[in-house]
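Colleague: Quick paste of what TrEMBL says about this protein:
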TRANSMEM  6-23  transmembrane segment
TRANSMEM  30-49  transmembrane segment
TRANSMEM  61-84  transmembrane segment
């Protein structure tokens, strides 16, 4: 693929993730949109790493770290979501005001 196509795809994924994160009322959907944002960032990292310096893998290695961070974020987010659902029987964002205490 050409460089511009990959960047357009990355911007498209990022904008879908931001739109979903802003308009989402469900915590699971918000977590999925956050993962979509992180994956679009990974796509940019790998693309620019290949474009500017194809012999060194700095962008690829950094993308692997971002994937590990996203996996940890998803695990923690889903465990919190499971606890909220067990106690409140809902995963709506506007009903999670009890976390302020």
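For all residues, glycine too, the Cβ spot is worked out from N, Cα and C.
Automated prediction, rather than curation, is the source of TrEMBL annotations.
Could you tell me the structural context for the features on the list?
Modeller: With a threshold of 8 Å between CB atoms, the same-chain residues lying at least 6 positions outside the transmembrane segment (6-23) that come near it are 29-30, 32-37, 39-41, 43-44, 47.
Residues 3, 6-7, 9-11, 13-14, 16-21, 24, 56-60, 62-63, 66-67, 69-70, 73-74, 77-78, 81, 93 of the same chain lie 6+ residues outside the transmembrane segment (30-49) yet bring a C-beta within less than 8 angstroms of a C-beta in it.
Sequence-distant contacts of the transmembrane segment (61-84), counting only residues of its own chain at least 6 positions beyond either end whose CB sits under 8 Å from a CB of the stretch, comprise 27-28, 31, 34-35, 38-39, 41-42, 45-46, 49, 90-91, 96.
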